[in-house]
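What Swiss-Prot records for this protein:
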{"type": "DOMAIN", "residues": "3-120", "note": "domain 'MTTase N-terminal'"}
{"type": "BINDING", "residues": "12, 49, 83", "note": "[4Fe-4S] cluster 1 binding site"}
{"type": "DOMAIN", "residues": "144-376", "note": "domain 'Radical SAM core'"}
{"type": "BINDING", "residues": "158, 162, 165", "note": "[4Fe-4S] cluster 2 binding site"}
{"type": "DOMAIN", "residues": "379-442", "note": "domain 'TRAM'"}
């Protein structure tokens with residue numbers, strides 16, 4: 001009988017990626033097969049997130065439910081990973097002594113040894129929440145594609161130390177994967193028919209990966225190299241930081257058509273005073289200047305962002321500045337949250353002087369405004385021709401197919417299942433609140449998807465690029481040095 005593994009994942013897309021790698025690793029080394037049923041599992045892992053309020057208590061509530069399973073099955077292995085584990089490892093050990101393995105985001109590659117150690121020494125537990133230098137990627141098996149789109153982590157951690165954020169304390173400072181490792185993983189995915197990659201990192205555009213000859217590959221260089229990989233026709237990335245959005249990255253949008261017309265660039269607030277309190281390192285006008293440059297190159301670029309509502313000291317004027325920035329930029333989507341203090345962060349020491357009622361009212365107004373903008377953009381797409389990557393059957397109607405536009409809109413349409421994993425052109429016939437409908441007008445066999453520039457030319461261009469200094473970009477935003 002095969003051994004079963006159950007993983008529950010909370011939080012960001014990086015956590016989703018890490019959970020996928022855990023499953024692949026434990027399958028390759030120990031033959032564990034994933035199950036959706038925790039009661040059927042031999043190993044249960046909880047991959048946690050510490051961004052939201054009461055994250056720790058949520059973890060202990062979940063562990064309390066799993067303790068009942070362990071009472072009935074003493075050999076069950078329970079592990080806790082992710083950012084809460086990194087931040088609260090000792091507390092988890094004390095409050096939940098039945099947990100066998102506690103590991104951080106940078107030590108998940110050691111899971112097979114940890115589990116083996118616990119199984120060999122009944123009643124013992126293992127805690128490893130250290131920050132080894134991104135060695136986990138050297139220990140992971142070859143990636144397994146799950147559809148035509150895939151996530152690839154290119155760097156870990158963040159060195160910006162925004163006053164509200166726990167990431168530098170839970171995932172460590174910025175460390176980039178060597179460029180050859182990233183390109184190999186993407187090439188392996190392309191061989192498995194992946195057509196779109198989404199590059200992941202807490203501060204992805206701060207990427208500075210080592211090359212085989214001891215040089216530094218910057219994020220803009222990396223994008224050009226990825227675009228040269230045969231079969232990769234779309235490139236996305238998340239999450240980026242405005243301070244790191246240098247001119248060379250703006251320039252990539254002019255000469256790499258594989259880079260999509262959609263950008264997620266968190267701003268958090270439109271008030272310079274609040275941005276300063278957050279230690280974001282830029283102003284609202286500098287943020288908008290970057291967007292203006294991008295839209296000169298890509299007029300149809302759609303934007304999404306993160307917003308924190310009710311940061312300590314936020315006045316009505318500060319909130320109005322955020323609403324003005326939203327109107328000026330024209331966001332398509334947002335991840336917006338009411339501020340809650342994270343233990344150990346500098347902002348936790350500030351007086352939380354915005355009432356809950358004010359926070360809720362402001363959040364409602366902000367989300368309503370962005371929803372209106374998103375609906376307007378959807379209506380503007382009516383009767384336009386859109387190229388979409390077909391991901392699979394529609395989630396609501398299995399007789400239809402589902403694809404995604406460059407600007408990250410889901411389109412449902414009727415078509416043959418043979419086009420799953422391929423690009424098709426559709427004409428948008430209906431704009432719904434959360435998706436679009438379209439009619440199939442062209443399949444990939446009728447397109448010319450060959451790039452006009454040969455891959456060798458792209459590689460030559462990337463190799464000839466001069467190193468970029470970590471100084472000041474064109475709009476006067478200094479690269480942050482902690």
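Indices start at 1 and increase along the chain as displayed.
Placed from the backbone N, Cα and C atoms, the Cβ positions cover glycine too.
Sequence features, as recorded in Swiss-Prot, placed on the structure.
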{"residue": "12", "record": "[4Fe-4S] cluster 1 binding site", "Cβ within 10 Å": "19"}
{"residue": "49", "record": "[4Fe-4S] cluster 1 binding site", "Cβ within 10 Å": "19"}
{"residue": "83", "record": "[4Fe-4S] cluster 1 binding site", "Cβ within 10 Å": "26"}
{"residue": "158", "record": "[4Fe-4S] cluster 2 binding site", "Cβ within 10 Å": "24"}
{"residue": "162", "record": "[4Fe-4S] cluster 2 binding site", "Cβ within 10 Å": "23"}
{"residue": "165", "record": "[4Fe-4S] cluster 2 binding site", "Cβ within 10 Å": "21"}
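Residue 49 ([4Fe-4S] cluster 1 binding site) and residue 162 ([4Fe-4S] cluster 2 binding site) have their C-alpha atoms 17 Å apart, to the nearest angstrom. The DSSP breakdown of the domain 'MTTase N-terminal' (3-120) into helical (H, G, I), extended (E, B) and coil residues amounts to 66 helix, 22 strand, 30 coil.
In sequence order, 160, 161, 164, 166, 167, 168, 202 are the residues of the same chain, not among 158, 162, 165, whose CB sits within 8 A of the CB centroid for the [4Fe-4S] cluster 2 site. Distance noted between the C-alpha atoms of residue 162 ([4Fe-4S] cluster 2 binding site) and residue 12 ([4Fe-4S] cluster 1 binding site) is 17 Å. Geometry remark: residue 83 ([4Fe-4S] cluster 1 binding site) versus residue 158 ([4Fe-4S] cluster 2 binding site), CA distance 13 Å.
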